[in-house]
Structures are given as C-alpha cells and as structure tokens.
Amino acid sequence: MEITLGIAMFTVIVLALAVIILFAKSKLVNSGDITIEINDDPSKAIHLPAGGKLLGALASQGIFVSSACGGGGSCGQCIVKVTEGGGDILPTELSHISKREAKEGYRLSCQVNVKNSMKVELPEEVFGVKKWECTVISNDNKATFIKELKLAIPEGEEVPFRAGGYIQIEAEPHTVAYKDFDIPEEYHEDWDKYNLWRYVSKVDEHIIRAYSMASYPEEKGIIMLNVRIATPPPNNPDAPPGQMSSYIWSLKAGDKVTISGPFGEFFAKETDAEMVFVGGGAGMAPMRSHIFDQLKRLKSKRKMSFWYGARSKREMFYVEDFDTLQAENDNFVWHVALSDPQPGDNWDGYTGFIHNVLYENYLKDHEAPEDCEYYMCGPPIMNASVIKMLKDLGVEDENILLDDFGG
C-alpha cells in the first residue's frame, strides 16, 4: 500500500512540474506567428513563426545583416535599432553598445530573442545584400600561411561592392584534416617545424565569417580573398584551429561556396588628400582592392604610398602587380619592410617593423603628416603600433581608417 501511495505521489509531482513548465514556456515563448515591422515601411514587414534570434529571423527572409562572427555575439557588427519589443538588453551586448545607445534602442540582432512582434530600424544598404552560390576557380598559396581564394560569381550576376568592402562566407558542418591541404613544397618548412599537419578541424554547426575582398570593382565576375590560416598559437598547441580558415584552405577548384554581401564601411574618402596605405599579412586584401581601384578604375592623381610589412621574402606577394602600378603611375610608390629576412633572401630593402620604417623613412620628415589619410589593415599589434605612432604625430581619428579583418 505504501509503495502504491509513493508511486502515486511521485506521479502527481511529476505531472504538476510538467504543467508548471508548460505554463512557463507558454508565457516566455510565443509559438504563434509574429510580425517584424521594418523602417516603418509596410512593404518591408515580415511575418514568421516566433523563435530564434532576430539575426536569423531576418536572414530567413532574405535580409542579411552583417555578422563577422556568425552570430556569436563577439564581433559587435550586427547592431540594429529595436524601437518596440525585443525585451531588455543583455549583458553580452553591453561590451559593444554604450549606455546611451542602449537607451536609444540599439541591440545586437544575434542576441535579440524573437518572441513577440517588434519594430526595428535597419540601414537601407542592408536591402542590397544578396546571397550567391559561387564556384572555386583557384585556391593557391601566396605565402606560408596565406592563400588566395578566387571565386566565380554565377553567370549574369554581379556583387555590387565598393573597394574596401567585404563579404561573408558560409560553411556547413564539416571535418577538415590539415594533412590533406595542397601546399607547395616551398612553404613546407614552417609547417614541418611546428607539425601543423597533425591538426583536424571538426565543425558541428553552420558557420559564417567575414573576409575583406582583395579584388576591386572592375574585376568582374570574380571575388578574390586573402585568407590566413588560423593555426593554434605555439604557446597553446592544443587549442582548436580556426574553423572557417581551415574550411577555406581545404577548398579545391570546382567546389561550391555560399557567400553573401556586399558589406563594408572601410571606404576611401572622396577628397584630394594624400593617401598612405599600411598593411601586413592577409591585411593585403583591402590594400590591393583600394589601390587598384584608385589607380586602375578611378585614374586617381592623388599622392599615395603603400607600406607593407612581411616576415621574409617568401611572405611577399603581388610584387609584380605593385611594381607595375608604381612604374605606370608617378603619384604612387610602394615599400616593403622585412622583420626577419632570411640569409637566402639577399634583401637590401627596408628591415624592421613597418610602423618604424614608415616613420623613420617618410613621416618623420613629412611637412604635414596630420593632413594625410591613413588606411590600414594587418595583425592587431601592427594596427595598434601604427595608430599610436600616428597619434603621436597629431593625426586626428577622422584621418585614421582601420579594417579589422584580413590580419
């Protein structure tokens, strides 16, 4: 009898808990259809089932908001203005959104739960963003840890981007073994030294990452990226390798790749001011895009120089391209500084870190460095060093333009 009573009591408790959970869920999650009004324009309103995040909800309706981290909340790019609904701002958003912005309704769309109808404001350029399935033309090493991925846009289509812009690339769940990478023998030294062939990248979810374009608008029908493989650092060799860079390095000619875009704000100012470009590593991508666009498409006569930092001669690329531009344009010069030239390099050019080389060999004696516009993209330590040097020279923030990708 006691056993039967105990079982009955247990069953009642379980059923009561189930009812409470279902009731709470009904209050917390609206399972019906909701409406997201956009920019107070009835024609832009979307209707969809409740659930998920605002970033994904918009994407499901063909509205692609920039998100370099793929919705992880770390890049801070997917900011939108929520004027009604959306709940309270989350602590994870406050590292990217100021208190003033939060009061005005700004949110990270990847963190906003879609439970009820809401009203949002989006930049108009978002509605020009599209998605394409591209075909890999080539994926060749340009340096030890950098590949140039060249993609063909579907016939009859074009990506209407501006120089300095970027696209987002997608990947489904996958497993990539580094031992299967196609890497020319000349680049094997460091791969062997650090035994990088042992790594495997296993991804169990759909991922999205942003990459600056190396191509410029007149290179029709293609998108070109410079992608640095994100290997685990030597001081933490058991850390997982970069998910998207590993995926991209595994791609071969003929493979299909989904991209969306164009996005961007790292655009050249329309002035007559002197332009100084500073790059390093895969930060070459937007530098190439900008410089080619200025000299080849716009036929710009603005004074401009390009200062690129590399470790050794093996890490230099697009050398012939920039040599040709320099020969054809009196208003353009470019310089490379090697931080660790090898004995076999027979290097007689600049050596050291690029910010020091730029200062000692040009800006130190420049009559008005504060009047120049500085465009830069490279490893974080390079960016920080260049910015400090420019600040010390009195350059205002408005003349320092930084692309945080590509490095």
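A Cβ is built for glycine as well, from the same backbone N, Cα and C atoms used for every other residue.
As given in Swiss-Prot:
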- CYS69, CYS75, CYS78, CYS110: [2Fe-2S] cluster binding site (BINDING)
- 32-126: domain '2Fe-2S ferredoxin-type' (DOMAIN)
- 129-269: domain 'FAD-binding FR-type' (DOMAIN)
- 272-389: region 'Catalytic' (REGION)
- 3-23: transmembrane segment (TRANSMEM)
Please list the DSSP helix, strand and coil residue counts for the region 'Catalytic' (272-389).
57 helix, 27 strand, 34 coil
Quick check on the binding-site residues: of CYS75, CYS110, whose CB has the lowest count of neighbouring CB atoms inside 10 Å?
CYS75
I'd like to know the mean pLDDT over the domain '2Fe-2S ferredoxin-type' (32-126).
92
CB-centroid shell, 8 A cutoff, [2Fe-2S] cluster site CYS69, CYS75, CYS78, CYS110, site residues removed:
LEU55, SER66, SER67, ALA68, GLY70, GLY71, GLY72, GLY73, SER74, GLY76, GLN77, LEU108
Just to be sure I understand, if DSSP states are collapsed into helix, strand and coil, how many residues of the domain 'FAD-binding FR-type' (129-269) fall in each?
23 helix, 57 strand, 61 coil
